[in-house]
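Chemist: What Swiss-Prot shows for this protein is this:
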type	residues	note
BINDING	Gly75, Thr78	Na(+) binding site
TRANSMEM	4-24	transmembrane segment
TRANSMEM	35-55	transmembrane segment
TRANSMEM	71-91	transmembrane segment
TRANSMEM	103-123	transmembrane segment
Amino acid sequence: MLQLLLAVFIGGGTGSVARWLLSMRFNPLHQAIPLGTLAANLIGAFIIGMGFAWFSRMTNIDPVWKVLITTGFCGGLTTFSTFSAEVVFLLQEGRLGWALLNVFVNLLGSFAMTALAFWLFSASTAH
């Protein structure tokens, strides 16, 4: 149990730092859409999709790696709370269209990236 807790801790910290770096680099590029948060959510959705696809086929993988990558890293990287706050900020500024676009792109994009990862993994392992 301690190994699993440490894996979540290490993965979560690493994912959080990655999210912060993405936000620092990309959020200033566009005033209405926080591109760093979007990138974090899309990358995290892709990684978790690939992870779940891989772990479902590779049943001998140590559970420590599973929680390090999915619960830890992807949990720290992706951020529904920051995304939600940014949508509220856009609404408070009267930017309804940008707020709706942000919701649409984050949600649909995350679903699409997860599905893409599953598809790519399946295609690459089909023999």
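Numbers here mean position along the shown chain, with the first residue as 1.
From the backbone N, Cα and C atoms, a Cβ is placed for every residue, glycine too.
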Chemist: Six or more residues out from either end of the transmembrane segment (71-91), which same-chain residues have a Cβ under 8 Å from its Cβ atoms?
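Modeler: 7-19, 23, 32, 34, 37, 40-41, 43-45, 47-48, 51, 98-99, 102-103, 106, 110.
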Chemist: If one looks at the chain holding Thr78 (Na(+) binding site), which residues at least 6 apart in sequence have a CB under 8 angstroms from its CB?
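Modeler: Non-local contacts for Thr78 (Na(+) binding site): Gly15, Arg19, Ala40, Asn41, Gly44, Ala45, Ile48, Ser110.
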Chemist: May I ask for the residues of the chain that lie six or more residues beyond the transmembrane segment (103-123) and have a Cβ under 8 Å from a Cβ within it?
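Modeler: Residues 33, 37-38, 41-50, 52-54, 57, 78, 83, 87.
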Chemist: Using all protein chains in view, find how many other C-beta atoms are within 10 Å of the C-beta of Gly75 (Na(+) binding site).
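Modeler: Summing over all protein chains shown, Gly75 (Na(+) binding site) has 18 other Cβ atoms within 10 Å.
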Chemist: Where does Thr78 (Na(+) binding site) sit in the DSSP three-state scheme?
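Modeler: Once the DSSP labels are grouped into three classes, Thr78 (Na(+) binding site) ends up as coil.
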